[in-house]
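A quick write-up on the structure given underneath.
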Amino acid sequence: MTLIASLNLAKESDATRLIEAIGEDEALGYPSAATTEQADQSWTVDVYFEEQPDEPALARVVAAMLGPDAGRFVVSELADEDWVAKSLEGLKPVRAGRFLVHGSHDRDKVQPGDIAIEIEAGEAFGTGHHGTTAGCLEEIDRLGKLHDYKSILDLGTGTGVLAIAIAKAWEKPVLATDIDPIATRVTAENAALNGVGDKIDAATAEGFGNPVMAARAPFDLVVANILAGPLIALAPEIVQHLAPQATVVLSGLLVAQGPAVTAAYEAEGLKLTRQGEQEGWLTLTLER
Ligand SMILES: C[S@@+](CC[C@H](N)C(=O)[O-])C[C@H]1O[C@@H](n2cnc3c(N)ncnc32)[C@H](O)[C@@H]1O
């Protein structure tokens, strides 16, 4: 269940300052947040949580940034169909590196030289339209020219889009895992649809909580497009499952969350080698 905490503000600058402060807040678990302009030119700040948020902590951040009279967040449940509607936003094909992510209605848009990935907007996250997915796809395309990875994990696979990109571009096997069994079912279906069903093993697991992880480790490439809070919590386990020379690509974090996520992985001995930004979202590449 996803919960959404919303607060309406008059000024865009206040909304921007507030989401930066919230995204960096440890007590709140570095949640994801977004601002949206309303028809009356006010700005709504929406913050997403997987569990009941710490409302006094939210109120403390609002008061610290904007003063005691700025208002308070109202928490509600985000209906599942909102997520489906969100992924349906992107009906146009998306280019990232050599990849073209498209729906079945856009097969004719595939050009010679494209690595086409067919994904229907549906029950799982990852149609290529989000800045985090596109950032990871570009980085996968770049890294493939520099490395010959052998053991690859896509952690938080969603629709399987990143695993399919790797399997198609490099003809390599990929372990694709997700906390959500719907995502792993959709990944297996999408892998078959894209002709790489034999290369992708889809498994349901929270973090590394499935024996298949230990069986396939150590990994020399881990891509994880999750969210800042879980990425920080998973840092020790991800690094523990890496080969001596390995690359980790992380996304799902806002620009303001970059330093906290980087610090969590540097504390485990990795080095930040690259960072890219798309629509306010960061993709970090770390190596050991
Ligand atoms: C933002 S989506 C990314 C989907 C896809 N990889 C992409 O790049 O578009 C994040 C996915 O991570 C999954 N997830 C969240 N926390 C997780 C965890 N601790 N372990 C595994 N998967 C997780 C969610 O269910 C969701 O499908």
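In case you wondered, yes, glycine gets a Cβ from its N, Cα and C as well.
TrEMBL does not curate its annotations; it predicts them automatically.
What TrEMBL says about this protein:
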type    : residues                       : note
BINDING : Thr133, Gly156, Asp178, Asn225 : S-adenosyl-L-methionine binding site
Those binding-site residues listed as Thr133, Asn225, and which of them has the most Cβ atoms within 10 Å of its own Cβ: Thr133
Look up Gly156 (S-adenosyl-L-methionine binding site) in the DSSP assignment and report helix, strand or coil. coil
Between the binding-site residues Gly156, Asp178, where is the Cβ count within 10 Å the lowest? Gly156
